[in-house]
Amino acid sequence: MSELGFVTVDFVVFALVILSSILIGTYYAVSGGKNKTSLEFHLGNRQMKFLPILISLMVSNQSSIMMLGYPVETYLFGGVIWLPVLGYIFVFMACVRIIIPLFHPMKITSVNEYFELRYGAVAVRRFASICGAMVDTMYSALVLYGPAIAMEGVTGVPFWVSVLSMAVSSILYTSLGGIKAVVWTDVFQFLILYMGIFAVLIKGTMLSGGLRKVWDINKATGRLQPVSFDIDPTRQYTFWSLMIGSTVKALVIPFRQTSVQRVCCTKSAKDAKYIFYLIGPAFVLTMSLAMAMGLVAYAYYYTIRCDPILSKKIVYNQLIPYMVLDIFRDEPGMAGLFMASLFSASLSTVSSNLSGLSAITLEDFIKPHFKKISESKAAIISKVTVVLYGLLATALAFLVAEMKGSLYRVALSIMSVFTAPLLGIFLYSIFFPRATHMGCLVGGIAGMAITLWISMGQSFSTSLRREQALPFAPIDRCFPVVNNTFMNMSITTPENVSTTFDTPTSVPDILNSTLAPFVNTGPQGLDRFYAISFYWFDTLALIVILTVAITVSFIVGRPSTRQVNMKYILSFSEQFFPCLPEKAKIFLTCGVDIEKRRRKCGSHENGDAQHELAVGLIPESPTSPVSPTSESIGFS
């Protein structure tokens, strides 16, 4: 093979895409209200259009982790990786029944404001804010790391150059243009993303011999085999872990600041519902295309008989960029376009997270202490915090570079430490009428502790049973012949034919070093607990959170239903099983007719006053706007 790498045209195409993102941010910095208020900077004055919000929400959750990690997992373990995609449909359908009816009428900027409204206490709000900030910062670091390490491995561009270029670009257009720049840049990056994906799929399929050939090769190697129904929780890829565990893991997406912020940007709840009705199928399409890239990549390298991972030419996360440079070596500019799409996926995620982090910081940490801050000062502070969080994410990206293994697995494992408690305390607060802030707080901390414990145990354990990878592609055309002779080395190909390799490095050495992360060594002692699949992290944490939270609430004393503003509660049975008889619904909500009491809460503003009076946020006085009978109207 000739040496692979960028040519001048590739660098030009790549630079133009990045520059376009910055120019969009600059445009929104000097247009409209010029982001002089925090409402415009964070929510676009709640007047954003339906379609751009839909696209923005989709691409902000489909980062370089999807573009790099998902195809690699498919390459190694096959098409069973597609099953979690189905869970996204349920996740976003659930949003329509939870997020929109609950959060859209509140007109909040930070999703964590909900907890103070719910409990009348700031402790849970602070805890949720910290968890949310850690999620978005760590996620930003991971998506900065992904394309940078891929770029360095296949083009020679230094890791730090790529990280800084992405970080500076996202910081610039987010701090200049606010949420409008983020959303419209996402739309532009969405187009680049799909152009890159389809270019790879079409060209890779053609070079592999066509769709039928791609299918046959992957089927012969077991990549299209049926999923296992094994109930062993230490198995990474079973029907139960991929369908149930991954769906619970994805449930946190609607509760993240970036999602709720976009819901609150829409003009009406109707527009918000349309977004979530459509985004589920859109996720399925995009993730399916990412999985298809993994299948096409395997078929291509099987066809040319040179597996780049087994031959140690690249590491896992460089698979797709390396393939792009390989298949487009005769089409200058196409590799640059794909790498631009990879960077665009990261830019959209980082910019969305920076915007969300800025909103959380302003609403949860600054405004509570400086209640009389002007809108102009709030906007300036928001822009400054975007820069600070961008710098922090950049620093963390260099730390993430020290981690080993698939980007997809690393991301899911680390993020669970903070996403699991966030999901748990939201579900507990929303669906348990007699929840207490103390139970919520202790339960959230317990969930974080158990997830951190397992995650750290998996990282440092030396005897865990790892998942066995499927057969790699042949490598007999990767190396030059030594003295016109072969070295009599072989591995088993998909047709179970022994293939000779002409390389001075022994195949056993290659296999031992390459497959080490996937060999079954058998867990010992406490490692049996650490061996649980990372797909089950959030489910286990959710069970712990709800158990601890309910127990603590019983101990400290639960409030009566008359003390709870039902406007901040939803009936699980009413939202997901509306066809059940009324008595069954009330039984499932512990005898509380939540929907009836929500209807009695009256107007949104009056409900706030009732709740503030009940929890002591405002004093009761003869001049109070809440009448003496308002409690019986709002809480009984």
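Cβ atoms are placed via backbone N, Cα and C, with glycine included.
Marked as transmembrane segment by TrEMBL: 6-30, 50-70, 127-145, 157-176, 183-202, 237-255, 275-301, 335-360, 380-401, 407-431, 438-456, 534-557 (among others).
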Contacting positions for the transmembrane segment (237-255) when only residues 6+ beyond its ends and CB under 8 Å are counted: 61, 77, 80-81, 83-84, 86-88, 90-92, 94-95, 98-99, 111, 227-231, 276, 412, 416, 419-420, 422-423, 426, 467, 533, 535-539, 542
Among 6-30, 183-202, 275-301, 335-360, stretch most in contact with the transmembrane segment (50-70) (C-beta, under 8 angstroms): 335-360
Winner by Cβ pairs under 8 Å against the transmembrane segment (407-431), considering only 157-176, 335-360, 380-401, 534-557: 534-557
Per Cβ pairs under 8 Å, the stretch of 6-30, 157-176, 335-360 packing most closely against the transmembrane segment (127-145): 335-360
Contact between the transmembrane segment (380-401) and the transmembrane segment (157-176) (at least 3 Cβ pairs under 8 Å, separation 6+): yes
The transmembrane segment (157-176) and the transmembrane segment (438-456) contact flag, 3+ Cβ pairs under 8 angstroms: no
Same-chain residues at least 6 beyond the ends of the transmembrane segment (183-202) whose Cβ lies under 8 Å from its Cβ atoms: 17, 20-21, 24-25, 28, 44, 48, 52-53, 55-56, 58-60, 62, 67, 173, 177, 262, 265, 286, 289-290, 292-293, 296, 320, 323-324, 327-328, 334, 337-338, 340-342, 344-345, 347-348, 351-352
Beyond the flanks of the transmembrane segment (335-360) by 6 or more, those residues with Cβ under 8 Å of it: 6, 9-14, 16-18, 21, 41-42, 56, 59-64, 66-68, 109-110, 112, 129, 132-133, 136-137, 139-140, 143-144, 146-147, 150-151, 155, 162, 165-167, 169-171, 173-175, 178-179, 181-182, 185-186, 188-190, 192-197, 199-200, 256-258, 261, 321, 324-325, 328-329, 382-383, 385-386, 389-390, 393
